[in-house]
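Shown next, in structure tokens, is the structure this report addresses.
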């Protein structure tokens, strides 16, 4: 597909899609080139395996430790009107945002995008106040044409700021706090984890068996060695994004043993291998790091 402007695309978003050059990386976060934002987010390019690029997710808390959330604009090309953390974007292929030491390039980009999207001045979010908490591999379709394949830096910052959203980028904003009184009353409105789609089965169902682990995959592998008989394994991995608790080999085994699907509240790895399996898999994200093998966890977890 050529880089011809899409006629239905918002003018501002179209300009950014063709002018912005993302930093292409390998799975070890080594820069290997650059490509337009448009090219990097075409799902057909992502499936070819040549669109992995560096990205970041900012989680901005105020002094009360309330998290600022944004709803993406309706004109965004990927994930329009989706509620997300404070700011998700990309460092660009420019000198100030290519600095690897201390993730300075990523932090410079985060400062730039907080101004672009939320009107937060640079002096209110100094780059030395961002704390990089780690990186994760992330791959998800947005629709039939667009998607994401990123090596994503997680950046935390605690600052009291004034927010003036850019309507081309942000539809709405909210502050998310603990709200203990709403928890007691049952009126709390919470954002659910967004599970990404893997495997060849877009839809699957069956009797559910459950398992609770944390950054350990021994029990998962043992379960999937059994005959599935059309069952679905649901794994509460505690939402950890620090390592993968499911890889390609056990998913292949699950496919061969007749499991219908696997749902993981955590990360997986070997995404290309899993996407070739005739089974449904849902997970929060992908991560290259392997899990522990201590056999810790609980089965038949309610």
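Positions of Cβ are set from backbone N, Cα and C atoms, glycine also.
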Handout entry: substrate site partner of 247, 248, 249, 250 (as recorded in TrEMBL), chosen from 231, 269
Key = 269
Handout entry: Cβ-Cβ distance under 8 Å to residue 249 (substrate binding site), same chain, at least six residues away
Key = 270
Exercise for the section: Measuring CB to CB from residue 250 (substrate binding site), give everything in the same chain under 8 Å that is also at least six residues away in sequence. Expected result: 217, 220, 221, 224
Exercise for the section: Tell me whether residue 249 (substrate binding site) sits in a helix, a strand or coil according to DSSP. Expected result: helix
Exercise for the section: Indicate whether residue 270 (Mg(2+) binding site) is helix, strand or coil by DSSP. Expected result: coil
